[in-house]
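Taken verbatim from TrEMBL:
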DOMAIN    1-174  domain 'ABC transporter'
REGION    178-203  region 'Disordered'
COMPBIAS  180-191  compositional bias 'Acidic residues'
COMPBIAS  192-202  compositional bias 'Polar residues'
TRANSMEM  254-278  transmembrane segment
DOMAIN    258-471  domain 'ABC transmembrane type-1'
TRANSMEM  299-323  transmembrane segment
TRANSMEM  383-415  transmembrane segment
TRANSMEM  513-534  transmembrane segment
TRANSMEM  540-557  transmembrane segment
Amino acid sequence: MEKISGHVSIKGTVAYVTQSAWIQNMTLRDNILFGKAYDEERYLNVLEACALKRDLEILPDGDQTEIGEKGVNLSGGQKTRVTLARAVYADADVIVLDDPLAAVDAHVGRHIFRHVVGPHGMLQGKTRLFVTNAINWLAQCDTVVYIEQGRISEMGSYEELVDRDERFGDYLRKSAVDVEQQEADQGDESSDGSPRTSQPVSYNKGEEHLLQITIPKTPLQSVREGGKLIRSEEAREGGIKWATYKAIAKDMSYVMVAILAVCFTAAGLFSLGSNIWVGEWTKLNKTLPDGSIEQSHKSYGLGILALLVFLQLTFVAIALWGVSYGFVKAGRELHNGMLSRLMHSPMSYFDTTPLGRILNRFSKEIDTVDIALPRNTRYFCNAFFLGVTLVLQIMIALPLIAAIVIPLLAAIYFVKRYYQMTAMQLKRLDGLTRAPLISSLQQSFAGTAVILATGQTARFIAESHRKVDSLSSILHLSNALLQYVQQFALPVLTNCSSIPCFALRSWLCLSNLLIANTLTTIVSFTCVILRNTAAFPNEPAVVGLALMSAVAVRVIFDDG
């Protein structure tokens, strides 16, 4: 109801029973307590008044049975009685009941009205706003408000409205006729129009075993016997399996993967060739007696260098296009496969899998495949092939240093592998914490009316803050690792706000600096020690190329 003018004030606390039951993904007891302290005597009285004790005997774990999202493992009547029990247990001053008896059987409705809503029920002495279109409860109500088309038509006690015999009286007569007609239709005629007759059912004693029927357990019942309806999501440990890489390559098409490998390899070779050509070109220049340099074959040298650079850029462009196209195709295949499997899943899958987990797969995880995975692939390929090119340049200039470069490359691999294992676990933890947050927000949005009416806003905000903090801590740690890999600088340590983040980034930074500086130092000392020996190259350009390559090896870390 929308307020047009004036003001609305409510004294005391409020409990609200919605027409469409709102159930949370938690145990039945927690749904009834709704943040209140457990009072065993009151709790048992509420179960008895709301006709829930018989249901607890049926449920596999009693009131500790986990209720799925939106109460998927409860019937419509059970969900209504749970929400009613929640309102009764709240012991509020004002209880708003939006037609709660419409979803229950007639005998259950009479029990609930007698023990809960009626003059002698558990809610006696409290203000009850009972919305209903059933006429059989009206005589026991203190005040009847008859509403037509959203407006109050008549108001007063039941006897007063009956004595007036106006619109409310017409409604009573019309409702009585409708009820009599329904009973006549159900009791007098069968489906083929012939009168219904009752026939006794008989059986022989020898056939008595045929009456014993065993109902097989459904998959959902088997899951519930384990104690939890919703299956917990566990983070897989270890690295990414080769089957995952193979599946991505298959979705991209093996031909595209082969083209990418050829293009990145060719780009690296042309990069190596251009650097070597610069050194060879400098050999063609002559130093004159006056100290000036005679640049011979200038056009020829520039032409070869331009050709090598052009071919390198061409293969890089083709490779980048291939990565983008291939991952778009792989993302489409992955999404269609996920959607197909989801559409063909049994209903028990949706009973045991939170909606937030499914949404997380189709949002954040697909976003990772569409955006993060292509970007990281480009970074990796560029870093890998460029790193190989730089190492080859060092070994071509100083062949003796190959014995030292190989152990350093092994150290680089193990450090990077250690980081990747940590980063993968952080990514998995991100998925584990994101899905519950999405599910919690969805449940809160669905029950906004109940949360606001019952004054539970602060509790739900605190719960959301707790889950957001849990996700944010993982995101902060992941982003810190990514920031380090992209910047490779000690100053980023000053922005750290978590001890694990600080320790991990410190270790990574020191390890990478140690390896990169060790390589540069070894190459530099090798050039100094061997400068007067036969193993030392006489061309300054070759020595400069080796030193430049040693310093640039750290790009392997920069592009992570």
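Every residue gets a Cβ built from N, Cα and C, even glycine.
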Contact set, same chain, for the transmembrane segment (299-323): CB under 8 Å, 6 or more residues outside the stretch: 256, 259-260, 263-264, 266-267, 270-271, 273-274, 277-278, 281, 284, 374, 377-378, 381
Beyond the flanks of the transmembrane segment (513-534) by 6 or more, those residues with Cβ under 8 Å of it: 394, 398, 400-401, 404-405, 408, 411-412, 415, 543, 546-547, 550-551, 553-554, 557
Local confidence of the domain 'ABC transporter' (1-174) - pLDDT mean: 87
